[in-house]
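> Copying in the features that TrEMBL gives for the protein in this structure:
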ACT_SITE  Asp143  active site, charge relay system
ACT_SITE  His174  active site, charge relay system
ACT_SITE  Ser331  active site, charge relay system
DOMAIN    35-104  domain 'Inhibitor I9'
DOMAIN    142-353  domain 'Peptidase S8/S53'
SIGNAL    1-17  signal peptide
Amino acid sequence: MKSFALLAAVLIAPAFAAPAAIPITKLAGPAKENSYIIKLKDGVSKDSHVARLLEYIGAQDSKVVYKYENVFHGYAGVLKGPILDYIRRSADVEYIQSDTIYRIEYEQGDESLASREVQVEEETPQLVGRAANGGGVDIFGLDTGILTTHTAFGGRATWGATYGGYASRDGHGHGTHTAGTAAGSGFGLATAANIIAVKVCSDAGECATSDIVAVSVLANYFHPFIKYFVHLVATMSLGGPTDTAIDSAVSSAISRGIHFTVAAGNENQNAANVSPARVAAANTIGAVDSSNRKASFSNYGAALDVWALGVNVRSAWIGSNSAVNTISGTSMATPQVAGILAVVIGNKGNSSPVRLYTF
């Protein structure tokens, strides 16, 4: 009788065993310690799942940092020990990935092409030509921030949001440079467009997946208005290893009416190996030199939509309100296309991202 009971226990136990732990996807490159992005299965209530998780966390040393809305069905957080184990065994979860740290990549250009100050044409009170220069269009720079007081922006630059707990300033220069290339007087085409700083990268040029995904809530916020009067272009001069979370968030934002320009990357490899460059719906930009030859560093391949100047690009910089710098990279090529899109929208009105790219 005892042996029968033991046999029955052996047979029944597997049916009540805890679910197998979901593996954690670790992408190439560094990652934020104890930080993870959680993708929930379709049909799972995110609110209910997160509420249960927060109750379980209690006073333990973990926290939910972002609960993503609409553009990504999941959340991100600092999750340790038993909390992470709890999530890994949840039937609600589709996948878990470590919070990869991306870097903005650029190269110093020919310093002889740069000067210490930039001369900006005086603003005229007339509105003539505003549409031809991107008037009425908002360009969001998802980068290291923007020196909004730089004279190249003529009061058109404002601070939008800061992610990652960083200071709300551009302590690097990359974000100010890309903003100037898109819309700065003396540097860009869309000289009547508004420029909004969205800081997702540190002053060291590091950008976490969790923060990049979070900025896509911009699409959720503006989506009800895009059809009527809000015209948005987002430029993202960053990238790294293929990342399902970033790709999904960018694709969702585009489907909601945001026009995205993204850098192809600077590794001289196929851009199909890079996120978000590989997102089919995004406008992916490669770099050429002044002779229209592929830049030696630029990624390439079928994922690219447009080539633009990315070698020795002169634009606004930090340090003073008239500072400039000359640098190279697909980061520098990308905002040029953002400026072009803003001008097209100003001239022809807003359209879906797919249709606009055919103009």
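Sequential numbering from 1, following the chain as shown.
Each residue, glycine too, has its Cβ placed from N, Cα and C.
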> Have a look around Asp143 (active site, charge relay system) and count the other CB atoms within 10 A of its CB, chains all included.
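The Cβ of Asp143 (active site, charge relay system) has 29 Cβ neighbours within 10 Å.
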> Test of understanding: give the count of other CB atoms lying within 10 angstroms of the CB of Ser331 (active site, charge relay system).
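If we count other Cβ atoms within 10 Å of Ser331 (active site, charge relay system), we arrive at 31.
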> How many neighbouring Cβ atoms, not counting its own, are there within 10 Å of the Cβ of His174 (active site, charge relay system)?
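There are 27 of them.
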> C-alpha of Ser331 (active site, charge relay system) to C-alpha of His174 (active site, charge relay system): distance in Å?
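Ser331 (active site, charge relay system) and His174 (active site, charge relay system) have their Cα atoms 9 Å apart.
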> How big is the Cα-to-Cα gap, in Å, between His174 (active site, charge relay system) and Asp143 (active site, charge relay system)?
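One finds 7 Å between the Cα atoms of these residues.
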> When secondary structure is assigned with DSSP, how many helix, strand and coil residues does the domain 'Inhibitor I9' (35-104) contain?
20 helix, 27 strand, 23 coil
> Check the domain 'Peptidase S8/S53' (142-353) for me and report the mean pLDDT.
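That region's mean pLDDT is 92.
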